Amino acid sequence: MCDIKLIVGLANPGAEYAQTRHNAGAWYVEELARIANVSLAPDPKYFGLTARAILCGKDVRLLIPSTFMNLSGKSVAALANFFRIEPEQILVAHDELDMEPGVARFKLGGGHGGHNGLKDIIAKMGNNKNFYRLRIGIGHPGDKNKVSGYVLGKAPATEQEKMNAAIDEAVRSTEILFKQDMTKAMHRLHSFKAE
């Protein structure tokens, strides 16, 4: 059985960033909140937007840090420490340059892959990397010098539709994760690709 107690969607705060590729993790958490019929509300104690949701009968905290991306760990650690949630009970959703739009993957552990949000979470959790990730493909601009502008830019409509489809499939796979296990959830999600 899955023991996820905290689901985090990484993002930059503010309306100007809401539709940028870097906020893909937040889109996933917003969709989970919508399905659970709960509202994400600002909570200064945890430096983010939070909600308590029942997903497939499981009591889960949802969190979108309202720090900037490179300070995400401050928010995640504050909530995890308060509720005594272990890294292995956390799922962090984030944008992934190394996967094309329309693809999403679950993963346990590993490095930060240059993602500043993951980097800060690992640092603030005492270098513990053993949390789950949901990697949401956003594609790569093809030149590492263009990455910053790319992740902070909006995707064209065709790419956005593919990302939305992958997020919808990730939500369905999350339900399998809670009802069954991570292996079955991975099997479902990893065989999906939006055309």
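Every residue gets a Cβ built from N, Cα and C, even glycine.
Feature annotations, courtesy of Swiss-Prot:
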- N12: site 'Discriminates between blocked and unblocked aminoacyl-tRNA' (SITE)
- Y17, F68, N70, N116: tRNA binding site (BINDING)
- H22: active site, proton acceptor (ACT_SITE)
- D95: site 'Stabilizes the basic form of H active site to accept a proton' (SITE)
Checklist line | Coarse DSSP state, helix versus strand versus coil, of N70 (tRNA binding site) | finding: helix
Check: Inside 8 A of the center formed by the CB atoms of Y17, F68, N70, N116, which other residues of the chain have their CB, for the recorded tRNA site?
Finding: N12, H22, T67, M69, L71, S72, G117
Check: Rounded to a whole number, what is the top Cα to Cα distance in Å among the residues the record ties to tRNA, namely Y17, F68, N70, N116?
Finding: 16
Checklist line | Rounded Cα-Cα span from H22 (active site, proton acceptor) to N116 (tRNA binding site), Å | finding: 11
Checklist line | Distant-in-sequence Cβ neighbours of N12 (site 'Discriminates between blocked and unblocked aminoacyl-tRNA'), under 8 Å, six or more positions away | finding: T20, H22, N23, F68, M69, L152
Margin query: Just to be sure I understand the packing, how many Cβ atoms besides its own are within 10 Å of the Cβ of Y17 (tRNA binding site)?
Written below: 18
Notebook entry, point to check: At the level of the C-alpha atoms, what whole-angstrom distance separates Y17 (tRNA binding site) and D95 (site 'Stabilizes the basic form of H active site to accept a proton')?
Noted result: 13
Check: Near N70 (tRNA binding site), which residues of its chain come within a Cβ-Cβ distance under 8 Å, counting only those 6 or more away in sequence?
Finding: N116, G117, K119, D120
Notebook entry, point to check: Is N116 (tRNA binding site) helix, strand or coil when read with DSSP?
Noted result: helix
Check: Which of the three DSSP-derived classes (helix, strand, coil) applies to D95 (site 'Stabilizes the basic form of H active site to accept a proton')?
Finding: strand
Item checked: Same chain, 6+ residues apart, C-beta under 8 Å of the C-beta of D95 (site 'Stabilizes the basic form of H active site to accept a proton'), given in sequence order -> L10, R21, H22, N23, A24, G25, H115, I136, I138, V151
